[in-house]
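Taking it in order: structure first as structure tokens, then the write-up.
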Amino acid sequence: MLISCTWLSELLGRPIDLSPVGEANDPFWAQNIAERLTSLGLEVEGIAYFELPKVIVGRVDAVSAHPDPKATKLNLVELFDGQASVQVVCGASNLPPVGGKVAFAPVGTTLPDGLELSARELRGVASHGMICSEAELDIGGDADGILVLPIDWEPGAELQDLVPGIRDAVIEISVTPNRPDALGHLGVARDLALALGCELQPPKLRSVADAPELPELVEVPASDRCPRYLGYALEGCTVGEAPLWLRTRLHRVGLRALNNVVDITNFVLMEVGQPMHAFDRARLAGERVVVRMAKPSEPITILDGSELELSTDDLVIADAESPQALAGVMGGAGSMVEAGTDRLLLEVAFFEPLAIRRSARRHGQHTDSSHRFERQVDYDAQLELAAGRALALLHDLCGATCVGRCDVRGPLPERAQIELDPAHVGRLLGMDVGPDEVARILSGLGVELDRSTEGAWLCHPPSYRPDLDRDVDLIEEVMRHHGLDDLPARHSVSPEQRVMLPEDPKRGLADALTDGLRARGLHEHVGLAFVAEALIAPVAAEFEPSQLVRPVNPMRSQQACMRPHLLPGLLDAVTYNHAHHARALALFEVGRIYRWPLSQPELQPSATSEVDPFLPDEPYRAAAIRVGQSQSKTGEVARALTDDLLACLARVGLHAQARPQAEPCAWLHPGIQAGLWIGPTRVGVVGELHPDVVAARDLSELELGYGELWLEALPQPPVVQFEDIARFPATTRDLSLDLDQRVSSHEVVAALAGAAASALSSGDDPPQLANADDPRQPIVLLEDYRGEGVEPGRHALLLRLNYRARSRSVTDAEVTAVHDAVVAGALATLAAIDPAARVR
Amino acid sequence: MAADAQQTPQQQLDEQLRSFEAALPDVADEPGLYELQVRFLGKNGAVTKLRRLMGKVPPSERKELGKAFNRVKQAMETHLATRAGELAAAARERDLARRVDLTFIPDPPRPGTLHPITQTRRELERVFRRLGFDVADGPHVEAELYSFDKLNILPDHPARDMQDTFFIERPTHLDHADAPALVLRPHTSPVQARTMLQHGAPVRIVAPGTTFRRDDDATHSPMFHQIEGLYVDRNVTMADLKATLYAFVEAFFGRGLGVRFRPSYFPFVEPGAEFDMQCPFCFDGQLSHGCGLCKQSGWIELGGSGMVHPAVFEHCGIDSSVYTGWAFGFGIDRMAMLRHGIPHLRHNFEGDLRVLEQFTSP
């Protein structure tokens, strides 16, 4: 909302310093007015200063054609500037006849667009300045011709001294939805009057109390949607151009001037905040209006030319035949006021706010009117004031007189009655505000107070403040006007007196895994939670299409889904980085994915059970991606990622194993992938990305490793219990096995451990497979060798087995016996997968 | 040894000493020295062998021979000790002469990094935990009921326009008569409603988390992060909110920066106020004089705050005649950008390694 300081100054009855540089301690300097507005909760977005020095009234003394025969559009104008005659070349087609007055910018003037005028020649004739249009002077929107001034204005006078509002400071405020009263200059001035200690000056009104009642003028069958309608029949109206001061005023607050009648309704809209509409009464069938609900699919063409198809929830102002306005939103083209209109029907109404909002949204018509009606305008004194103001201006500027009126009332909102305990003000704010100060502020804002009772006061807020509904609303008013600068910073309760709520363990786990991956040298990426549907394709087998969570109103198709997986987002980041610089890339993301459950979960009783069973699943995932650096693909990246993920789990006390995948994951390389398991639970997957997935992203030259952990599957890390430390040395045996390359280390270790379990279970304190470095890994993997000496398709696995007894040293001989039994047992097991498995 | 037969045992001893002395300078290390010692003084050493002759000399000569023997042995042991000392000194010199260039680091460490938003969120959580707040979060896909209605943002009210919201439709296979209308939460405020519904009063939480609005331009991303604080108890006041914000600003920015309130409107608080802090980038210990980051105003707008609206209490099952409370909220992304001097929002979610790898942290 643009607020003109010139306008404010009229309403406050005090001059306002409109210059950009003013007295720092002058409360009436525009800059300080702006700061005051911010401190009152009317946040200032910016302030613009306007002035127009040196532009004066010029009198046309003579007009002659330009001597150059080709310059048919140019005229030589002899202008009197109050002191002397100057010659100006002018190309306008609307030059007034000799004696007419124009806006003249002499040489040396700087126009609002920054152009500094100098004497120059136009096709060989000197021009000593410029005759200007409204647009060139930035006092109106009309750029078609020059500005022609009233004939009686004195040549030589500065324009800005003659027209209030040319020099102005315009403050842009952002008005929160609770303050419809501040959507007009009057409401803003009311706040300022109280803050600055001056008296609000009501604008000039015209009473039409003596005009006859004309009940047939307006009929309101939909009275619950239009609880009050003031209608006025006016005659003798001359439609034309509004005076310059009014046009300038509208231009300053961002509105376009049309004709004097429309400009006056807009002027009152900006001054009082009350939208109104003027119909050409002669064009209304039956010369009357009916405020009714629209019929199904009833059409209307509104002022901006659009044709709307109305619904039965739309309120219309109709004549005897058809809708003439979409109530509270926009007038209809059929009865608009234009040149030649001489009889008006002026509407000043109060519409039910929420219904106006529905209409405006339904038809995509957010207008200055609907903006105010949906926030609730006044239905009482201020409505009448707006009408009186418009009638005065229509009388003074258009010659229109009121020949009939009516005031149709339906069920008006009830005025709030609030009990306010003045002591509660200080209690809520935490500072002392005396009852007299509370009373001063509230009465200053128009709240009627009954202080006669002990304790709580009975307060009646004014009808133009629908936001004042409860005692806290009044306390906010006190806070706004008393100010918060002297609010102490004081803890009301000691911080020790704290409440401990249970916390979501998954958040802590997510943070710990984040730290773990970061400690492995990976970089955390935060990706958008949205993803394009096409990019989900590689991982689509992981879920049903119906599990995708989709915003109804995405901003673009690339953001059509909530991510059901972290891979697409990380691949986006790889693609981005690959396009910008090819370098070692290791990224991870820990965040939520979104999937609908496959079926409606059971209702669990809880305080939020009305919502929780109906939400999608949002499990956390920790995903990491690495780009290999070697020329050829070695699988080393996937192996490094496996290390990363296992280390990251170990760091939070979870000891996981990589195991071969019983059912390979379709988007990972079929021969380079593993499941990550903790005991009987698979908690993640890791591998090299499938060549097809990589090719689909045009990244085929890269070796990409990807792995992820599923936080919902991770168990709580156990609290570790003490184990006695090993006191006797271990004896080691190295073992080299020749195996098919399909046989994984995991299977070999499992076979050895299984054989050991059955081979070693007998006897008193027999040698056990044990490892001094890591009690959880009695078998150490030394090397996975492929190459010379090993047949193609096979690999040599070198392992070290540690044997130790609990309470004694073991002998070489007994270890050899046990070891041989273990190896034989393991080979027997492995024969099921690889009959050729043997010791090398 | 046949020639030696003509020599007296004493001569033979002296001969051995000379031979020992001749060999000594060639000894280069500890093992060589030990070898020499064994050769002369060991169990089968030359000197030890000569001592065995003791029984063969006449008793009258035994005493003299014994003396000579001890003299030679002592001389050898002294030589050995001296030589051992020399060798140790030489070895130490050699050790000290080793030179390794530790400044040659062909592969400097590339530490992993945490995203600036994560770092900032954690720092905020750390500060508020110290101030006695629990940390809470909730679902991103949330009921309109908790996102708006419970927070006093009523249906069809213009206040719903204060944020442009993403709506979520449930799939047909989950059709249910009681299913509430869903949105992507446009603020973290639903966590306030959830916490009050689940735990009642008193309560003291911060809720950091991901939020979504239909905004996408130079200063808005459709996904962003917020943190909200909520404190409900008896006798909680606006002055207490101010004290908490002061403590937070002090802990987060580490200096005596001021906080100010500007009255404003948020449907879930009444009275409501925006809060600013003094700009830390042009602060001289007393005043912030204005700089590019605070647009010359000396103040940085942080967020919204206010006393919890009694209607919110009533919707969340808390007796508004007994309890008062306050809430505040601000953007984590903006705080992260301020903290790290990140100029453009787009750097936040692009995943550019050249950006991410800058943000090393403790």
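One-based numbering along the chain as shown.
Every residue, even glycine, has its Cβ placed from backbone N, Cα and C.
Straight from TrEMBL, the features:
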type    : residues                               : note
BINDING : A:Asp467, A:Asp473, A:Glu476, A:Glu477 : Mg(2+) binding site
DOMAIN  : A:49-160                               : domain 'TRNA-binding'
DOMAIN  : A:413-489                              : domain 'B5'
DOMAIN  : A:726-840                              : domain 'FDX-ACB'
Secondary structure at A:Asp467 (Mg(2+) binding site), reduced by DSSP to three states: coil
In chain order, residues whose C-beta lies under 8 angstroms from the C-beta of A:Glu477 (Mg(2+) binding site), counting only those at least six residues away in the same chain, are A:Ile441, A:Leu442, A:Leu445, A:Val447, A:Leu468
Just to confirm: which same-chain residues, 6+ apart in sequence, have a Cβ under 8 Å from the Cβ of A:Asp473 (Mg(2+) binding site)? A:Ile418, A:Pro461, A:Asp467
So among the binding-site residues A:Asp467, A:Glu476, who's got the most Cβ atoms within 10 Å? A:Glu476
What DSSP reports for the domain 'FDX-ACB' (A:726-840) is 34 helix, 32 strand, 49 coil
Please report the DSSP secondary structure of A:Glu477 (Mg(2+) binding site), reduced to three states. helix
